[in-house]
Amino acid sequence: MSISGLLLSVALLPSVVSAHDHVYFDPPSSGSPFLGPQIPLTGPPALTGTHEFTLRHIYQRGTRDQPDLHRRLDIKPHTRLWAVSDDGLEKELVTFDTPLVASSSPLTIQRLADRRLSVIEGYLAAARSSGEAVALSPSEWVMDTLAGPNVTDKESVLTFAKMTANDYIEEPGTEDWHYIHGRFNYSSSFGWQSDGLRGHIYADKTNSTIVISLKGTSPALFDGAGTTTNDKINDNLFFSCCCGQGGSYLWRQVCDCQQSAFTANLTCIVEAMNDENRYYRAAIDLYSNVTDMYPDANVWMTGHSLGGAMSSLLGLTFGLPVVTFEAVPEALPAARLGLPSPPGHDPRLPQSRQYTGAYHFGHTADPVYMGTCNGVGSICTWGGYAMESACHTGQMCVYDTVEDKGWRVALSTHRIRAVISDVLEVYEDLPPCAPEEECYDCELWKFFKSNGSESTTTSTTTTTTAPTTTRTSTCKTPGWWGCLDESTTTTTITSTTTTTTTSTSTCKTPGWFGCKDPTTTTEATPAPSVTTTIPTPTTYPTSSTSTCKDPGWFGCRDPSSTTASITSSPSTTSTCDDPGFFWGCYDESTTATHPITPGPSAPYSTPSPTNKHTCTSSIFFGLICVGSTGTELR
């Protein structure tokens, strides 16, 4: 065809359009010599169908040790992969013999109309600066019905569970990493088992639907095995009330935001969660790179344990369908990150949201999934994990293995391979799914917001006014529990009213535990003084003299003679010839009274009759005498 003929044919076209526009020609008219190309109409994708997925890429996003690392491994037909066991010790060569098939069904999600990364980052930055989620108008939200995973089909649910169980590494010596950003000279010893967030990317045959499976928490409980150290930091940061503080001393502390008992700085916690070396920021970066490779694909999220929680947070952020298994309750970090919430929903309670498109499968014997792995004797606590969150967003699909199978609550039931073989494959029917609305996290805690510049040190000044008591006493007659003499006590209390209280008492009848006399109290204020005069009682001196020649267990067994000299008082003289076994005298007593002058001293006293008794018969080991003879001496 000549150039003139080509130009003529172009001129006869109805219109000229760009190459990427959809063009639909009208039926050719009878007078047109050319038949226009028939371009098929591209309508909306089908909401139902069957998808066969294959592993396409493996992503690694560095976090703690290498925060700037982001690399991708493309899976090719000749790529040799090893499957890593749950404990990270056993490896076996992978053969993809069984296809991963899942079906789709219509799913309604309420999400943002503009979900570009730059827009989402603006909302998150505003939430970090203000301390709360951005309030958006209803016009910025849409209700989209799209093709989502069919959570009522058992085979589809099993497929997603197997995706979360697969943990692959390339056979050593055959690595072929593509570095998205970061340095290109990482040593071969820096494998992805040492640091970072790992994601496995599956795509169907038409690349219209992709699944991002995020790697979950390493099962090792103590530091040094795989990514367990980094996983523990993120677990305690996202799912603890205050970064592992305020609980068991075994919990690993990952921030310093606690101010006092059950009181914490929420701004401090949120800043730590949004650091670039945390899993949530790494998950956003990983998701943005995957969507750059598949811009028109429908994205589904899945994950197990910590990976399931991160998948759910991404789903809430970008409005994606999510299927998780034994996921850590993630409503607490969703509220703290300030994720946008539709009108009519409290952003502080994301578990009350509807139409999230998230489904969390788990069973009642898993303490991590049920939010109970935080007791003093739990394995999580002994391993240093502070798993205090208890609420999930979206729908919970719970297998009651405790009631149905009699299982005990144990951390060993948390492993995804055990969940697949002992739960998902055993139960004939899938459990019903329902939201968990009546659930609250960290109810004992109080959180406050700040501008981020406050010091974490607090000081408290307490002023106390105490009374001062002055006591002066001289004891002449001490008793068992105090002095039996008269006492004078003066108490002065100093207060802001400068009131002085003085109490004076004189005891005439002392008792064992205090004075039995009535108490008289005189309060003195700035007024004319009052003088009170108390007469001094008369003291009678008493003298007693004794000499013991025959001491006993509890006293003297000698005949005793006591002479008391008191003016105008009687005197008594006694001599005991027959003392008792413990106390007392069996002799007859004689009393002499001298009404005018004291009686004569002992040498001039008149001798009294003396009786002597001899016991001839006794009972009760000699304590009682029943027969005696007596001789009277004069």
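Any Cβ shown, glycine's included, is placed from N, Cα and C.
For reference, Swiss-Prot has these:
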type: TOPO_DOM; residues: 1-4; note: topological domain 'Cytoplasmic'
type: TRANSMEM; residues: 5-25; note: transmembrane segment
type: TOPO_DOM; residues: 26-634; note: topological domain 'Lumenal'
type: CARBOHYD; residues: Asn150; note: N-linked glycosylation site
type: CARBOHYD; residues: Asn185; note: N-linked glycosylation site
type: CARBOHYD; residues: Asn207; note: N-linked glycosylation site
type: CARBOHYD; residues: Asn265; note: N-linked glycosylation site
type: CARBOHYD; residues: Asn289; note: N-linked glycosylation site
type: ACT_SITE; residues: Ser305; note: active site, charge relay system
type: CARBOHYD; residues: Asn451; note: N-linked glycosylation site
type: REGION; residues: 518-544; note: region 'Disordered'
Given the recorded positions Asn265, Asn289, Ser305, which one is most crowded in terms of C-beta atoms within 10 angstroms?
Ser305
Determine, to the nearest whole angstrom, how far the Cα atom of Asn265 (N-linked glycosylation site) is from the Cα atom of Asn289 (N-linked glycosylation site).
34
Collapsed DSSP category at Asn289 (N-linked glycosylation site):
helix
Spatial separation of Asn289 (N-linked glycosylation site) from Ser305 (active site, charge relay system) - C-alpha basis, Å:
23
Looking only at the topological domain 'Lumenal' (26-634), what is the mean pLDDT?
74
Going by DSSP, is Asn265 (N-linked glycosylation site) sitting in a helix, a strand, or coil?
strand
